[in-house]
Amino acid sequence: METWQELKVTVKREGEELVSNLLIELGAQGVAIEDSMDYVGNVDRFGEIFPEVEQQEEIVVTAYYPDTVDVTVVEADLQARISELTDFMDLGELKIGTTALAEEDWADNWKKYYEPARITHDLTIVPSWTDYEATAGEKIIKLDPGMAFGTGTHPTTKMSLFALEQVLRGGETVLDVGTGSGVLSIASSLLGAKEIFAYDLDDVAVRVAQENIELNPGMENIHVAAGDLLKGVEIEADVIVANILADILIHLTDDAYRLVKDEGYLIMSGIIKDKWDMVRESAESAGFFLETHMVQGEWNACVFKKTKDISGVIGG
């Protein structure tokens, strides 16, 4: 019987995507996230300031490796890669542990994390192996969580989806920066966007996004490519959405302003509480006006507008 190894990494919440991506690059066959925030409150409303809730500052990233992989080498490589990034972000004190799993335990462990989840009024995320019958008006996003990048239920993704549902009216061009799983591109298509261009610096993410897009019929209007933020992009967009780290978002805002059409939107998420002011100042310096600010626990998301009429600005 084939066995698997479960490698658990405890890290500060802000490092979730970074550590997940590193583990996949180091050969993980899948990654699961345990976050206390995932179990707090399932009813969210666009534009509402969410109350602070009791939560842990750390999350657990669990990676799965076949027994043919020497996880001690993975641990050493992970530590080395992260040590190169300590000037970029504080991931806290890394805690790493491993456990052996039988094949059937691997399958069960995967599936216990993932169930169909209604995220917004219209959008429901469904694991690819699940038979799910949509109700009238319900739009289904099929994802394979076994390819990592989360299930689409993380607060940063949920707020991004709420924002897309609010601003998309049909016929728009959307740029999805740091696409990851491709969930925001798929949602944009379901919500009526005419054409979506998805970019990610990580070749693994580009592949994962394309595979997830292919799980959903009628997604021929999504184009996925490797790209460093919006460098070299010359496509005018009605909406730009980016769910990535705050330290990276601030390098996006000038190019976003250049590419967003008048009265268009910039949606940003993935912003940890302590870095909200930095991101807001960057967007406003580029010329955007804040329309909506969302908060869920430690995480912030926002909708900025490129407009000359600021009379309807809500502020944060």
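Any Cβ shown, glycine's included, is placed from N, Cα and C.
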Matching residue for the S-adenosyl-L-methionine site, where Swiss-Prot names Thr157, Asp200, Asn243 - out of Gly137, Gly178, Gly264:
Gly178
Restricting to the chain of Asn243 (S-adenosyl-L-methionine binding site) and a gap of 6 or more, list residues whose Cβ falls under 8 Å of its Cβ, or answer none.
Thr156, Thr157, Ser160, Gly178, Gly180, Leu184, Met268, Ser269, Gly270, Ala301
